[in-house]
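The structure appears right after this line, and notes come after that.
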Amino acid sequence: MRLIIVSGRSGSGKSTALDVLEDSGFYCIDNLPAGLLPQLAENALINTELLQPKVAVSIDARNLPSHLMRFPELLEEARARHIQCDVLYLDADEEVLLKRFSETRRRHPLTNANRSLAEAIRVESDLLGPIADLADLKIDTTNLNLYQLRDSIKLRLLNQPEPGTAFLVESFGFKRGMPVDADLVFDVRCLPNPYWKPELREHSGLDQPVIDYLAAQPDVEDMYNDISSYLLKWLPRFAASNRAYVTIAIGCTGGHHRSVYITERLGRQLQQTLKNVQVRHRDL
């Protein structure tokens with residue numbers, strides 16, 4: 001049996017995550033009391049005909065604070081039943097969460113007469129801290145629309161053809177912010193920028209004219225070789241430490257040229273030596 005626990009601050013996309021999982025064949029339970037996690041795992045093993053082999057539950061700040069504080073031991077009890085448990089934690093910048101609530105006019109579950117929306121979001125962050133600390137996978141939804149979030153969940157959580165650590169090599173642009181869910185970040189803004197070549201500006205790092213330009217730059221080759229050597233040496237150590245997910249982020253200014261080119265090359269090389277390597281371009 002596989003159990004996916006979905007959590008995160010309100011407005012970060014938990015409902016969307018559950019919808020994706022349900023569409024993928026998971027039996028989904030919204031707002032499960034955290035204290036029932038061990039019982040859910042136990043009942044799933046005893047009554048296999050009652051539950052599907054894939055179950056997803058959401059746990060949020062509407063739980064009793066005492067149950068949320070006990071989440072580490074509750075998760076350990078569930079895993080002691082020899083069930084594969086993955087914790088997915090969704091989050092976004094506070095300003096983005098405020099904007100989402102303003103646009104939808106929904107009420108935050110922790111607001112009241114004495115607590116503003118901004119205060120409720122900060123309180124929620126504290127309450128969910130024990131879950132966030134144990135997340136196997138964190139997804140920052142700040143810059144993701146509904147469709148991008150759905151694709152990200154499918155790519156990172158469901159598209160694992162073989163067991164073991166899932167590696168994601170992701171390009172991004174610093175002008176839209178660093179991905180907060182990245183484990184390793186490499187800044188390639190010091191490399192020659194095709195943006196300043198008028199004939200290359202409208203192309204991306206996936207297009208042959210940009211590829212040819214960057215491949216001819218000695219600094220680009222040196223940077224690629226240094227990053228590649230580091231990753232080839234150390235990523236197997238991450239896998240050996242039983243990490244479920246590792247995200248490698250490559251950033252340039254806009255996320256269209258240099259980071260895309262480097263990310264594509266790294267992805268192809270890592271796929272030759274590691275299992276479960278995926279490539280994503282956040283800002284294309």
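Glycine is no exception: its Cβ is also placed from the backbone N, Cα and C atoms.
Following the DSSP three-state reduction, the secondary structure of Gly8 (ATP binding site) is strand. Residues or ranges marked as ATP binding site by Swiss-Prot: Gly8, Arg9, Ser10, Gly11, Ser12, Gly13, Lys14, Ser15.
If you take the C-beta of Arg62 (GTP binding site) and look for same-chain residues 6 or more apart in sequence within under 8 angstroms, you find Asn31, Pro109. Under the three-state DSSP scheme, Arg62 (GTP binding site) falls in the coil class. According to Swiss-Prot, the GTP binding site annotation covers Asp60, Ala61, Arg62, Asn63, on the basis of sequence analysis.
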I need the nearest neighbour of Ser15 (ATP binding site) among the binding-site residues Asp60, Ala61, Asn63, using C-alpha distances.
Asp60
Please report the DSSP secondary structure of Ser15 (ATP binding site), reduced to three states.
helix
Ala61 (GTP binding site) versus binding-site residues Gly8, Gly11, Ser12, Gly13 - nearest by Cα:
Gly8
Sequence gap of 6 or more, C-beta under 8 Å: which same-chain residues meet both conditions with respect to Gly8 (ATP binding site)?
Lys14, Asp60, Leu88, Tyr89, Leu90, Asp91, Leu128
Any further residue of that chain within 8 Å (Cβ to the Cβ centroid of Gly8, Arg9, Ser10, Gly11, Ser12, Gly13, Lys14, Ser15) of the recorded ATP site:
Asp60, Leu90, Asp91, Ala92, Leu97, Thr141
